[in-house]
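A.B. asks: This is the structure I want to talk about, given as structure tokens.
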């Protein structure tokens, strides 16, 4: 991570931290960096989610791109993975998504994709940051024919929708409940599932610029759970603001999280001989029950740090085609290069059709262990050294011995705050409370600030 770019681009409160002035500079400097690494005039796709600040930041960003001669294709409201798909398939130099994903409406973000559809690499981001930190903007200022051109490209949305439909199966009137989070999937999710011959019930499809992720979507699935029960739907599908993640709901109204979704799709691919190296890439936060279910099926695991960025890195490095996070980011590399909630939803319904099983039957193969997470405030300098404290190392070792393999402890530093996170999983709530509270008490006594 750099000074401006985090693990998911540049984020901040719109018009406060992430200002139009900064958006202009990101467009101008980002466009210039792109132009230095290819011949000819770069072609860049730009899209946004439904936040009220989206058009403001889009206008500034586009102005910056045009000021250095970039050919800009404006996609309007589109899911983040839609940008990734179009960049790859339409030979663009790069893509830019304006979104803060599952964050509330007051936030926004700007994320760059390279011409390969993957998030821009660290080296390119560092070049942009160096220009942002320069004392003076000394970049060329072309005029007349040297300026960039702007093309409105709303047909990009339909191209992305058509692609998604080709990855699925006719659902034969299956009842599907959708929650589009009042975000980027507000139009596309409806279109896609109608094209797949589903009978749909929809919430979260009335964005007003302020209601994105507000009580709806993958981080607030309660309304979708109720809708599934009321409508008698076979499945509920909740996306987030930019539709790069999915949380599902079974026909009984119970949550099917990213771990279970990955297991269901992974087992299906494994049985067909289509799971690359018979391996699923996951993070340290995936539930122990997920790991045990994979072991039972003979499916391998590759485990990374928290963050879809690290999952994708591992997939690219070793040629894996399925990975993701408990939070609902699922990457299916055979189809797209980033987490894609709508694509994942389609693959989940495909498994239901081909197996003839309900979602609850498929999900029941994974027994999720109760999990508890406690954040403890510590000095920033100590959060990476906690395991060097003898008393902390000793209590963790003692608790792990008591678990005897039927539980899991994870103590890790926050990547962004002066916090130490203590997490445990165990067969019962009482056990998990005991393990976490015991470790947390020792951590607080040794290095805690509260």
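Just so you know, glycine gets a Cβ as well, placed from its N, Cα and C.
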A.B. asks: For the Mg(2+) site that Swiss-Prot lists with 240, 242, 244, give the additional residue from the candidates 93, 101, 360, 381.
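C.D. replies: Record source Swiss-Prot; matching candidate: 101.
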A.B. asks: What's the CA-CA gap between residue 101 (active site, phosphoserine intermediate) and residue 242 (Mg(2+) binding site) in angstrom, rounded?
C.D. replies: 5
A.B. asks: If we count other C-beta atoms within 10 Å, could you say which of the recorded positions 101, 242, 244 has the fewest?
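C.D. replies: Among the recorded positions 101, 242, 244, the lowest count of other Cβ atoms within 10 Å belongs to 101.
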A.B. asks: Return the count of C-beta atoms lying within 10 angstroms of the C-beta of residue 240 (Mg(2+) binding site), excluding that atom itself.
C.D. replies: 34
A.B. asks: In the same chain, outside 101, 240, 242, 244, whose C-beta lies within 8 angstroms of the Cβ mean position for the Mg(2+) site?
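C.D. replies: Along the chain, the qualifying residues are 49, 79, 80, 99, 102, 183, 184, 239, 241, 243, 245, 339, 341.
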